[in-house]
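*Asks:* Okay, handing you the structure first.
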Amino acid sequence: MPLNLPDKLPAIELLKEENIFVIDTSRATQQDIRPLRIVILNLMPLKITTETDLVRLLSNTPLQVEISFMKIKSHTSKNTPIEHMQTFYTDFEQMRNEKYDGMIITGAPVEQMDFEEVTYWEEITEIFDWARTHVTSTLYICWAAQAGLYHHYGVPKYPLDQKMFGIFEHRVLEPFHSIFRGFDDCFYVPHSRHTEVRREDILKVPELTLLSESKDAGVYMAMARGGREFFVTGHSEYSPYTLDTEYRRDLGKGLPIEIPRNYYVDDDPDKGPLVRWRAHANLLFSNWLNYFVYQETPYNINDIE
């Protein structure tokens, strides 16, 4: 089914080249159904890349989906053209009276800072609280998952001795949970982070359910409020060459970086990546949209509370 994207968003042409079905707003207005309203708070530096990664996965949906992009006022993006931000992004203050069927909050390159030291911490925690009464289900990814767990439930994060970098095997702890419908017993997820949350801290919080973990990468997914909040520590949305780009970037800067684990064919960067996470990434996002957004959201969006 199609995604309804803002007219002229760069991701439209990129995804059409991949045979992904998208339509722009002009065409969507001719279809007489209520689309699911999804807002994305994109905190990643390379915003166009992240937009494309997420939109690619959101395209596999049962209904028309209308995508909006939110930005925070207390931070200015240095890696995305200002014209792009002005055209496609809206400040939270201008969106606070809106309601949405679903929300995705991305990671951010601030994980090695204490949460309270992040310049936009006050604003983003206000958004976390706002989402609880204005969004049917919120998907927190990577740093946002750590930040949401800390803000809502007091779960701390811990520095890692070595960056968690590569593709790791995970297991499903709740096999009959709807978020895992169609999943294999084990599945693969990209990780790229310097910090972690720990299972013992998750298990101490009665409101949290630990859904998936990895013997190497640790906690992968936790849920709260009956599926109104999901906290995902990995990057299922990553495209095939994202880790390769990060690896070569850090090599070029002379930073200490290991080859991403379980990623390249024969662990040889010259042979390219072996993609093992794409199918489960699509299942994750389609299951979230279907079972926790579409099936749960009221027809009258103003009834969300």
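Cβ coordinates are placed from backbone N, Cα and C, and glycine is handled just like the others.
What you are looking at is a predicted structure, and each value in this text was computed from that prediction instead of being measured.
So Swiss-Prot has the following annotated:
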- Glu111: site 'Important for acyl-CoA specificity' (SITE)
- Lys163, Ser192, Arg249: substrate binding site (BINDING)
- Ser192: site 'Important for substrate specificity' (SITE)
- His235: active site, proton acceptor (ACT_SITE)
*Asks:* Setting Lys163, Ser192, Arg249 aside, what same-chain residues sit with their Cβ within 8 Å of the center of the Cβ atoms that define the substrate site, listed in sequence order?
*Replies:* Phe165, Leu243, Glu246, Tyr247, Asp250, Ile257, Pro260
*Asks:* List, in sequence order, the same-chain residues at least six positions removed whose CB sits under 8 Å from that of Lys163 (substrate binding site)?
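*Replies:* Same-chain residues close to Lys163 (substrate binding site) (Cβ under 8 Å, separated by 6 or more) are Ser192, Arg193, His194, Ile257, Glu258.
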*Asks:* Provide, as an integer number of angstrom, the distance between the C-alpha atoms of Arg249 (substrate binding site) and the residue listed as 'active site, proton acceptor'.
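*Replies:* With the alpha carbons as reference points, the distance is 18 Å.
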*Asks:* Rank the recorded positions Glu111, Ser192, His235, Arg249 by the number of other Cβ atoms within 10 Å of each Cβ and report the first-ranked residue.
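*Replies:* It comes out as His235.
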*Asks:* Any idea what the Cα distance is from Glu111 (site 'Important for acyl-CoA specificity') over to His235 (active site, proton acceptor), rounded to a whole Å?
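*Replies:* Answer for this pair: 14 Å between alpha carbons.
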*Asks:* Please state how far apart, in Å and to a whole number, the two most distant Cα atoms are among Lys163, Ser192, Arg249, the recorded substrate-binding residues.
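*Replies:* Taking every pair of listed residues, the largest Cα separation comes to 15 Å.
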